[in-house]
Amino acid sequence: MKIVTLFSDGSCLGNPGAGGWAYILRYNEAQKKASGGEAYTTNNQMELKAAIMGLKALKEPCEVRLFTDSSYVANSINEWLANWQKRNFKNVKNVELWQEYLEISKPHKVVASWVKGHAGHPENEECDQMARNEALKIKDENKI
């Protein structure tokens, strides 16, 4: 199984409000970047969407080292998700996104690590800027 590194971040202008997501996917020297956004969303939804979109970009099963500044995403993946499934996601927010994450992550082995945001981590800073730009673009387009 290939070992890939996935850096992800989300941004939301208002919570809820216009939001953006971004990821950087790296395997050896190869790298892929992408970003997008939504007109009405939350910061947690965009953080999770960034990870989902990064996983969707993978073309084969991989061992994924996910780096996120969202403790919500990191803790959910590493600790809470299994119990949420057992409880049928009772009282869990963003169920549809978590179910999408579970489906897309099935072929992969994902380990999430939390990194402090806005602390000089180059890939996190780049993802943050990309996600924020998407949120600003959507805000301007929709005059939110």
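Here the Cβ of each residue, glycine as well, is placed from N, Cα and C on the backbone.
Counting Cβ atoms from all protein chains shown, D69 (Mg(2+) 1 binding site) has 22 others lying within 10 Å of its own Cβ. D69 (Mg(2+) 1 binding site) falls within neither a helix nor a strand when secondary structure is assigned with DSSP, and so counts as coil. What Swiss-Prot lists as Mg(2+) 1 binding site is D9, E47, D69, and the listing cites sequence analysis.
If you look up Swiss-Prot, you'll see D9, D128 marked as Mg(2+) 2 binding site, on the strength of sequence analysis. Mapped onto three states, the DSSP output places D9 (Mg(2+) 1 binding site) in strand. On its own chain, D9 (Mg(2+) 1 binding site) has W21, A22, Y23, E47, A50, T68, D69, S70, G117, N124, C127, D128, M130, A131 as residues at least 6 apart in sequence with a Cβ closer than 8 Å to its own Cβ.
The domain 'RNase H type-1' annotation in Swiss-Prot covers 1-136, and the record cites sequence analysis as its basis.
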Of E47, D128 (the binding-site residues), the residue whose Cβ has the fewest other Cβ atoms within 10 Å: D128
Collapsed DSSP category at E47 (Mg(2+) 1 binding site): helix
Near-site residues: Mg(2+) 1, ref D9, E47, D69, CB cutoff 8 A to centroid: S8, G10, S11, M46, A50, T68, S70, V73, G117, N124, C127, D128, A131
D128 (Mg(2+) 2 binding site): secondary structure state under DSSP, collapsed to three categories: helix
